Amino acid sequence: MAFAGVGQGLGTYDRTEQTSGASLGRVASRAHFTDTHPSDDLPAQTEEHRAREVGHLARQLTRQSVGGTDDSSALFSYQQGSDLDPFSDKFCARRWTKLMFEALQTSGPARKAGLSFRNLDVHGFGSDADYQKTVGNLPLVGIGALRDLISNRKRKVQILNSMDGVLEAGEMLVVLGPPGSGCTTMLKTIAGEMNGIYLDESSSLNYRGITPKQIYGQFRGEAIYTAEVDVHFPNLTVGQTLSFAAEARAPRNPPGGISKKEYAKHMRDVVMSVFGISHTLNTIVGNDFIRGVSGGERKRVTIAEASLAGAPLQCWDNSTRGLDSANAIEFCKNLRLNADYIGISSAVAIYQAPQAAYDCFDKVSVLYEGEQIFFGKTTDAKQFFVDMGFHCPSQQTVPDFLTSLTSASERTPREGFEGKVPTTPQEFAARWKQSDKYQELLAQIAEFENKYPVHGKNYQEFLQSRRAQQSKRLRAKSPYTLSYGGQVELCLRRGFDRLRADPSLTLTQLFGNFIMALIIGSVFYNLPATTSSFYSRGALLFFAILMSAFGSALEILILYAQRGIVEKHSRYAFYHPSAEAVASALTDIPYKVINCIIFSLTLYFMTNLRREPGPYFFFMLISFTLTMVMSMLFRSIASLSRSLAQALAPAALLILGLVMYTGFAVNVANMRGWARWMNWLDPIAYGFESLMINEFHDREYECSAFIPMGPGYEGATGQQHVCSTAGAIAGSSVVNGDDYINLSYEYYHAHKWRNFGILIGFFLFFTAIYMTATEFITAKKSKGEILVFPRGKIPRALLAQSTHSHGSSDDVEGGKFAGGSKMKKQITGADRADAGIIQRQTAIFSWKDVVYDIKIKKEPRRILDHVDGWVKPGTLTALMGVSGAGKTTLLDVLATRVTMGVVTGEMLVDGRQRDVSFQRKTGYVQQQDLHLETSTVREALRFSAVLRQSNTISIKEKYEYVEEVLKLLEMESYADAVVGVPGTGLNVEQRKRLTIGVELVAKPALLLFLDEPTSGLDSQTSWNILLLLRKLTEHGQAILCTIHQPSAMLFEQFDRLLFLARGGKTVYFGEVGKGSHILIDYFEKNGAPKCPEGENPAEWMLAAIGAAPGSHSDVDWHQAWINSPERVEVRRELARIKETQGGKGEAALQNKDHEKSKSEVKAEYAEFASPLWKQFNVVLTRVWQQHWRTPSYIWSKAALCALSALFIGFSFFKSGTSQQGLQNQLFSVFMMFTIFGQLTQQIMPNFTTQRSLYEVRERPSKTYSWKIFILSNIVAEIPWAILMGAVIYFTWYYPIGYYRNAIPTGAVHLRGALMFLYIEMFLIFNATFAIMIVAGIATAETAGNIANLLFSMCLIFCGVLAPPSSLPGFWMFMYRVSPFTYLVDGMLSTAVAETSVVCSDIELLTLNPPSGESCGDYMSTYISNYGGYLVNENATTACEFCSMSSTNSFLAQFNIYYSNKWRDFGLLWAYVVFNIIAAVGIYWLARVPKNTGKEQASEPEGVQEKLVPAQSSEKKRESVSRGSESTAA
């Protein structure tokens, strides 16, 4: 819907009535306009009638405008509660529309858009099927891609074939077809979204004189495409989200003399009123993880946002998904009104279109596997196919009939037409093109093109109208409305709104950095102004500069979180992506300034860095500048990549390179010539140099240790002793700071401000890259629906299709072959299975007076209110109700799946209480199709069968049963297909079938629950699913199924109905009856209006009880049920079931138990069907398979290990045993530890994927134990850790040359083997540590942040940056607790102990002995006490002394001793065991429900079953507390 002035001229609104109580302002009714105007409620009328009516309205409005009968100023200066107040119950949309039309007359005619298309051919490049990538075959993919690149070979895939059509301004087109037929591609092509799809040169499109190139560029935003997914900033309120859209497209000169901001606010209020979301003004939008508005309301926010874009041509792709049919009809009616009075053209794809919605449209296009089989008036379509020879059942709606034609199993030829009707898509298309209707269409297209020549009069008017709305500061061909500065300002305001809405990350980072500053400040507390602090000052500044630099690394994740939203807004022409980039960077500046001040103040003055104003402010300046530079660098990486994985992989290596070549770990003098360029390109290096110069320049430091010193040297004076520090001069008691950094680091004071200038240059360079990349590089193209198979298992039929280049695109639809009729014919060879294989059930499940109470925000709320019912074998029972009635909650309560709150009432199986085995004996098909994406269909079914069927059944029998279920569900054609993700894997229907299959193969002994099995499916697929359920019930399956607004044909498939009103109150429980007559009779006799002939009973019932939008009922239907004789009969039947079945069940049970051994009886009632050892074996195999089939995980792990090890190894290549060489070897171990964080973050997402599946589906169904889940995930990581350890060992140990240190000791092999074991322990510790941290935490991101904090602590206190001798006493416990202490101790002592030191020339200290003494005589006492050696023992002047002779002396400075090697190795095993035990313990504490699920034996009526809050995990607590709102849909 386009709204006046936002896009162009005139908008039409319905009134929203707000109600009290639970609905609180949800649209209860949209009152019809008071004027008599038939088009509001009747089906779409003829074009002639509508043209007359619009002309009449225009003349009437013009007369009113001239005569001034209705003051248009009242539009914006209305009184509260008047008929122009959008928040008022009296809001009159028609009057508002008339006034807005008058007000906008002054700005010229409204823009209108229509289009014609001839020979529309669209293709992509891809295939219909692909093979699954694994660790083993991934290299082959690279070779194949290289071959294709060299040969320029692309596989062209045709999506749309030769389509024709015309859509005049003010007309509405509905596009019908099953998923994969090309509906999405058609809409995207019309709207100009050509990302990954291509238009053939022969295709012709004409947008009323505007070319496709102009629509896609200059007029982007005038034709928009709205996808079915809802992408919004979750923490912004609905009001903020829609205000932004309204302001972004507000015209330059709003009517009524008001400001743009006031105008945008008014438009927002009106559009919210129209879509019934005024009550959500201050509610956050939310998403799948953040609670906000309900799913249906979020969908309406998406629709409202697109409406505010004001495009004259709008394409809506399944935008009614998630809305019930009543709201879907309202949406279509609103589009109809816009089309009639403004001239908006709409093209809408709807999967389950109610008849009333279909009647709103002028034209329909029917697609069948990429072929157009009809395009014309909606009133002509049905007759066209009936004349062709097809039968339309009387109870079938026209849209369902048209969609059914694309399914061979659903379409029915009329008598006498068998064999004469078309059967393939190509035959249908050929028949269409031979028809008279097609010739009429071609004539209409020709007329349209003659009327609107390219760049004719209409184009000029369109251009003028658009230009009048744009800012004067915009170039003529800009698609945007606001100037660039205006866009930045708008995005900046939104940025601060987002910050205020969710400051948690910012505050957490501020607090975390403050804590880190305190810790580091205390470690290096009050450094003395002596030479003993030189190393510590360097280490401190190194750590400080890294904290400033890498504080922005998380910005990669933040940018990817908002990328989809920014790209959507760019398509709507709200703003330049680069404007949002500028605003985003500016929004972060206040945080960065505050963080810099807090961090600098704390660290700088605690550690006694140079306490002078100039140096302090320079320290802050460099820290802040470097923070900004690195922020832009990370943002550039995110913007240059198309997926998060592409961004994170180079970022990890880049961070390592930047740290290595800062100048501390490897100083400039020791950098290899071939790697020196990395230092020149490293921004951190320039910052570090400036901070070192800032600290050391022009300062004299007292010498803390002279050589020689001690007994016998008390009288040494002048040049007879020298300070033991680089830069010292013999005889001087102080060391000049400049001399020290010149000699040790090659840093010079002249570089101080030069480096600042270089940092500014880096900032400008990265900012330019960031803004350019943001503007031009879009996210990864979405792949089409293609099936994926393990290598060697792709069916021949699909291989043949791929070869012939017909199928899907990279972009959207490939499901047309993946599940299409052609494939089914060619691949399916097996006969259909008989549903008789389903285990026939005999138990009756009944419930009585079920009540469920929970607390929300400490307020008690009743979700279910005394609900009664039963499910008998061989019956299909529907559970229906309004949104929020508690349908899903009732299923969860009955299936024992709620984990908090209080449940009361009776739930009996054959009159007896449910036992601990109840959950595994029932099947629960959830609404979300959750499966492990790396498994194949057959493997997913086998996994469920092996673990959930009785352990007494052999594996062979279980596998045979799986094959039967595959046939029954008609899944054998894709039994070997990989589940994958939507788009690359199974399509929606196939996933739903698999979800049902997983529960069926478990042989549920009691019943099957299904939650919304048809949600999001097209009508054809929904029908197939219902037929399948019907087939199951005919063979004894008991089924209870929630369903949302079924069509009349679907509704007839159910035997019984349980209908709930809001608050979980029963409205009806009983039989439906043939033609729904029992149900209809009940409601009619209790006061409902008569059900019209041919009406959908489900929709009639909702309207009759006042549950549909626009409906009202004076009857209290819950009370009517309570007082009804039908309820009395239900209660009588429940008592009978309990009495008769209870006795029978007990007797049958005892007989059955007598026939079985004790162990068999125990197994029958056990919590799990399989023993623990079997669970471990099966689950471990699946986890291992998941790793093997996720090559991105294993190869990125291997790449990180190999490349990091090689990078470190060759940066410290062949490090010698000079003092600097030893320091290099120390830092080579330290730098190897820095990959710990990245390795941890690679492990966590894989674990959370498995955990989500386990906790949502497998744990509630008692598939296997939580202990098995944790242990199998840990064990599966160990082999990969060992393999990666070997990779690191060979690429790191040998290049550095550690093995050469062992040659003098004769223990080369022993020490090499010991180093190998230590590296393995490092990686095993890493794997177990990662799982321990993530075990109890909801998201991998949060766990990653905690792991990084702990890792940083371990790194600081391991004894490298701050040797134990310099640590304050209260931090010594951290030194002893840190596992890295023992790793450093073991690895470094194994690497360099027991070897001689050979000083380099610059490390030699020069002094003169007393006259008459040789150097050897003078220094002998000192050497015997403290070690070291003389180069020239016999000299009498200029003694050259090296302060170390053995590497053991160097190691002793860091408290490292070779004798501890086996102690350290044993302690590391202790840490690993601790991690495993802690992982199990933390998971149990945080995420395992503590209620065991056992129930008391039958007690008198009213017994309470208390379900204590079972989990401390916030996520679980929230999901249960949502029972009343979102899950109770």
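Just so you know, the numbers here start at 1 and follow the chain as drawn.
Note: Cβ is positioned from N, Cα and C throughout, glycine not excepted.
Since the structure is predicted, the reported quantities are computational estimates derived from the model, not experimental observations.
Residues or ranges marked as compositional bias 'Gly residues' by Swiss-Prot: 1-10.
Residues or ranges marked as region 'Disordered' by Swiss-Prot: 1-21 (among others).
Annotated domain 'ABC transporter 1' per Swiss-Prot: 144-394, in sequence order.
The N-linked glycosylation site annotation in Swiss-Prot covers Asn235 (among others) and is backed by sequence analysis. Note on Asn235 (N-linked glycosylation site): other Cβ atoms within 10 Å of its Cβ, all shown chains, come to 20.
Taken from Swiss-Prot, the feature N-linked glycosylation site applies to Asn318 (among others). The Cβ of Asn318 (N-linked glycosylation site) lies under 8 Å from the Cβ of Glu228, Ala349, Ile350, Tyr351, each of these being in the same chain and 6 or more residues away along the sequence.
Under the heading transmembrane segment, Swiss-Prot lists 505-525 (among others). Panel annotation: around the transmembrane segment (505-525), residues 499, 536, 539-540, 543-544, 547, 551, 554, 591, 594-595, 598-599, 602-603, 606-608, 1345, 1349, 1352-1353, 1356-1357, 1361-1362, 1366-1368, 1370-1371 of the same chain, lying at least six beyond its termini, place a Cβ under 8 Å from a Cβ of the stretch.
Under the heading transmembrane segment, Swiss-Prot lists 539-559 (among others), citing sequence analysis as support.
Sequence-distant contacts of the transmembrane segment (589-609), counting only residues of its own chain at least 6 positions beyond either end whose CB sits under 8 Å from a CB of the stretch, comprise 499, 506, 509-510, 513-514, 516-518, 520-522, 524-529, 537, 540-541, 544, 547-548, 551, 615-616, 619-620, 623-624, 627-628, 631, 695. Summarising the annotation, Swiss-Prot assigns transmembrane segment to 589-609 (among others).
Sequence-distant contacts of the transmembrane segment (614-634), counting only residues of its own chain at least 6 positions beyond either end whose CB sits under 8 Å from a CB of the stretch, comprise 544-545, 548-553, 555-556, 585, 588-589, 592-593, 595-597, 599-600, 604, 651, 683-684, 687, 690-691, 694-695, 755-756, 759-760, 762-763, 766-767, 769-770. The annotation transmembrane segment is assigned in Swiss-Prot to 614-634 (among others) on the grounds of sequence analysis.
Residues or ranges marked as transmembrane segment in Swiss-Prot: 648-668 (among others).
In this structure, Asn742 (N-linked glycosylation site) is part of a helix by DSSP. Swiss-Prot lists Asn742 (among others) with the feature N-linked glycosylation site.
The annotation transmembrane segment is assigned in Swiss-Prot to 757-777 (among others). When Cβ-Cβ distances below 8 Å are used as the criterion, the transmembrane segment (757-777) is approached by residues 566, 576-578, 580-582, 585, 622, 625-626, 628-629, 632-633, 635-636, 639-640, 642, 683, 686-687 of the same chain, each at least six residues removed from its ends.
Positions annotated as domain 'ABC transporter 2' by Swiss-Prot, on the basis of sequence analysis: 845-1087.
Counting every protein chain shown, 24 other Cβ atoms lie within 10 Å of the Cβ of Val882 (ATP binding site). Look at Swiss-Prot and you will find Gly881, Val882, Ser883, Gly884, Ala885, Gly886, Lys887, Thr888 tagged as ATP binding site, backed by sequence analysis.
Through the fold, the transmembrane segment (1193-1213) approaches residues 135, 138, 645, 649, 652-653, 656-657, 660-661, 666, 671-672, 675, 1187, 1224-1225, 1227-1228, 1231-1232, 1235, 1238-1239, 1242, 1246, 1280, 1283-1284, 1287-1288, 1291-1297 of its own chain, all at least 6 residues removed from its boundaries and within a Cβ separation under 8 Å. Annotation source Swiss-Prot lists transmembrane segment at 1193-1213 (among others).
Annotation comment: Swiss-Prot describes 1227-1247 (among others) as transmembrane segment, evidence class sequence analysis.
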Request  = Using a Cβ distance cut-off of under 8 Å, indicate which of 539-559, 648-668, 1314-1334, 1465-1485 has the most pairs with the transmembrane segment (1353-1373).
outcome  = 539-559
Message = Can you tell me which recorded stretch out of 648-668, 1227-1247, 1314-1334, 1465-1485 has the most Cβ pairs within less than 8 Å of the transmembrane segment (1268-1288)?
response = 1314-1334
Densest Cβ neighbourhood among Asn742, Thr888, Asn1434 (recorded positions), 10 Å radius = Thr888
Message = I'm trying to understand the geometry here, so how far is the Cα atom of Val882 (ATP binding site) from the Cα atom of Asn742 (N-linked glycosylation site), in Å to the nearest whole number?
response = 78
Note = Sparsest Cβ environment (other Cβ within 10 Å) among binding-site residues Gly881, Gly886 belongs to Gly881
Task = Report, as numbers and ranges, which residues of the same chain sit near the transmembrane segment (1465-1485): CB under 8 Å and 6 or more residues beyond its ends.
result = 1266-1267, 1270-1271, 1274, 1314, 1317-1318, 1321, 1324-1325, 1328-1329, 1331-1332, 1335-1336, 1379, 1382-1383, 1386, 1512
Remark   = Ranking 539-559, 648-668, 1314-1334 by Cβ pairs under 8 Å to the transmembrane segment (1227-1247) puts first 1314-1334
Query = Restricting the comparison to the glycosylation sites Asn235, Asn742, Asn1434, which residue's C-alpha is spatially nearest the C-alpha of Thr888 (ATP binding site)?
reply = Asn235
Request  = Name the secondary structure element type, per DSSP in three states, that contains Val882 (ATP binding site).
outcome  = coil
Request  = Write down the Cα-Cα distance for Lys887 (ATP binding site) and Asn235 (N-linked glycosylation site), rounded and given in Å.
outcome  = 28
CB contacts for Lys887 (ATP binding site) [other CB atoms within 10 A, all chains] = 27
Query = So what pLDDT does the domain 'ABC transporter 2' (845-1087) average out to?
reply = 87
Inquiry  = Using the alpha carbons only, what distance in Å do you get between Asn742 (N-linked glycosylation site) and Gly881 (ATP binding site) once rounded?
reply    = 80
Query = Where Ala885 (ATP binding site) and Asn1434 (N-linked glycosylation site) are concerned, what is their Cα separation in Å, rounded?
reply = 99
Ask   = Expressed to the nearest Å, what is the distance separating Gly881 (ATP binding site) and Asn1434 (N-linked glycosylation site) at their Cα atoms?
value = 102
